[in-house]
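> This is the structure, below, for whatever I ask next.
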Amino acid sequence: MAIERTLSIVKPDAVEKNIIGKVISRFEKAGLKIVAAKMMHLTEEKARGFYAEHEGRPFFAGLVEFMTSGPVVVQVLEGENAIALNRELMGATNPAEAAEGTLRKDFADSVGRNAVYGSDSPASAEREINYFFDASEICPR
């Protein structure tokens, strides 16, 4: 099994609901370690840069507006097959289609307000982690 790192974001809707601890607890119970974390309010520029691959799509402006609407918690998770495990814990993008017991089924309101984000591949994880964190901010444990 491969030890991987993945980026996770607790989105503004979940922060507003005060469920950060519940989200983190699920990661830790599943065996993932948090090796970096910070709470921040994304600027429009930072959100646009992070979601640049979606620029030009109909949902882009709404996504940027939502992600800048309140604070987020950005973290790096580490563990065996962390990318796939995090995606399994999150559940389907649409909470109505998410499996019981997943973060999105339990905490998300809609496709647009779906509580959490996670990297979808090793290449994305590396790029996204580097977008938010300097190497000195990551604390292997």
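Heads up, the Cβ atoms here are built off N, Cα and C, so glycines get one too.
Copied straight from Swiss-Prot:
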BINDING   Lys11, Phe59, Arg87, Thr93, Arg104, Asn114  ATP binding site
> Looking only at Lys11, Phe59, Arg87, Thr93, Arg104, Asn114, the residues listed as binding ATP, what is the longest Cα to Cα distance in Å?
21
> Taking the Cβ of Thr93 (ATP binding site) as centre, how many other Cβ atoms lie within 10 Å?
13
> Which entry in the list of binding-site residues, Lys11, Arg87, Arg104, has its Cβ near the fewest other Cβ atoms, using 10 Å as the limit?
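Selected from the binding-site residues Lys11, Arg87, Arg104 on minimum Cβ neighbours within 10 Å: Arg87.
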> So among the binding-site residues Phe59, Asn114, who's got the most Cβ atoms within 10 Å?
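When each Cβ's neighbours within 10 Å are tallied, Asn114 tops the list.
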> Please state whether DSSP places Phe59 (ATP binding site) in a helix, a strand or coil.
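Phe59 (ATP binding site) sits in coil per DSSP, no helix or strand.
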